[in-house]
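Feature annotations, reproduced from TrEMBL:
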type	residues	note
SIGNAL	1-21	signal peptide
DOMAIN	57-163	domain 'Epoxide hydrolase N-terminal'
ACT_SITE	ASP227	active site, nucleophile
ACT_SITE	TYR374	active site, proton donor
ACT_SITE	HIS431	active site, proton acceptor
Amino acid sequence: MKCGLCCCCLVIPIAVSIVIALVLTGFLDDDPNPPEIQDGWWGKGEKTEDDLSLKGIKIMVTDSIIDDLKERLSKTRYFDSLEDANFNYGFSVDYMKEVVKYWSEKYDWRKAELELNEYKHYKTQIEGIFIHFVHIKPDVKEQDIVVRPLLLVHGWPGSFYEFYKMIPLLTKPQNGLVFELVLPSIPGYGFSEASHKQGFDQVDTARIFHKLMTRLGHQSYYVQGGDWGAAITQYMSILYPQSVLGLHSNMFQMEMGGKALLKFFIAAMLPSAILEEQDIPKIHPIWDKLAFILNEVGYAFLQFTKPDTIGMALSDSPVGLAAYILEKFSTCTNPGHRDLPDGGLTKKFTLDELLTNVMIYWTTKSVTSSMRLYKERVWSDQTSDMGRYKVRVPTGIAYFPHEIPFGCAPLLFTTNAKHLLQYTNMPTGGHFAAFEEPQLLAADIWKFVEKAEEFHKKHNADSNT
């Protein structure tokens, strides 16, 4: 039976075409003002007054904790490995035996403490919990050097230690500018106290870190982050545009809504029709990207649902904790590392560096509280709502080629950044950019901030005319 030319045959494709045109031209864009976020209280019991003082601290672990660790390492129970599996089934048991031997016999936590304490550490109480941060003020004697505060925020399973390689690169003046660095630990991570109440999410972290910066006397500052740090700094930029001078992200969150879904669908099916050539590998082939995600996100579903269950195991076994964390530093640095016997871990990092990051979780018993941030994110109305709002501050994005698929927005999906001053396709690097490619990331931050400074000069000049 043949279909004759009827109204439906004409109206449906015309209607679809109109909707597509409206969406792609931005006619249906919604650009609401950011919400006002209420203060929280995350301490034990009823709300009391915060201790506003800044307390200098040193990272010091008791001998009993180190002795207990070595005893646990000596009693590790291993299982048989699969032939030629490498890291395709997770962390290789054969390589873990080498890691444990090094950890037990050669790794020196006391040496790591000296490295960590090279810079000044502090704690201060905000909304009932003590927030840990490293504070590095540049040694500037020249009168004409402009000092700009820069907040660097880590993610999971990282720590403030990820940024240590970048500190010397950011605290030496360039072109009349230098940074004063603030490296906080996310609440529940490392040396920052965890929330004692349910519901603490990335928006709450953004508010607390803004309070931290203002408590340090910074009414305006720059922010940078990857992973959860990218979400937190993006939320800070949305909520406090009067304070955030600029956002630099190596995991910028894609725009949300119907327009984004339509663009994603077209990019997946007909990439050359909508994507720039350099962006096609970030989306296409879509099925390969989705397969990678499905193979890699098992940990996230555990943490989205029952973090305390897996946390019980990881808090009791240092080898289990190391396998769980270090496997991410393999695959998320380069997916091809799954096919290597050592997971490619020492291609970009040393075992000392990797184990120091693990030790920050082990010595503080913080892995469970760190994973809870995933569950709170999934079930939080306020974090879900943040996808509606645009970033109105100057923005710079660094796209590293081995970033988790869809973990950082290709250029096409960055229209929620109203003032995108810089978008850099990096030549190499993955998810842990500051830890893996500190020179590339630091150089990109410098270039972005110089552009942001010019943006503000022009904006201020225009406002005064």
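A Cβ is built for glycine as well, from the same backbone N, Cα and C atoms used for every other residue.
What you see is a predicted model, and the numbers here were worked out from it, not measured in a lab.
Its Cβ placed at the centre, the residue listed as 'active site, nucleophile' has 25 other Cβ atoms within 10 Å. On a Cα basis, the residue listed as 'active site, nucleophile' lies 12 Å away from TYR374 (active site, proton donor). Every protein chain shown contributes to the tally, and the Cβ of TYR374 (active site, proton donor) ends up with 20 other Cβ atoms within 10 Å. The residue listed as 'active site, nucleophile' sits 8 Å from the residue listed as 'active site, proton acceptor', counting Cα to Cα. The Cβ of HIS431 (active site, proton acceptor) lies under 8 Å from the Cβ of GLY226, ASP227, MET251, LYS328, CYS332, THR333, PHE400, HIS402, GLU403, ILE404, GLY407, each of which sits 6+ residues away along the same chain.
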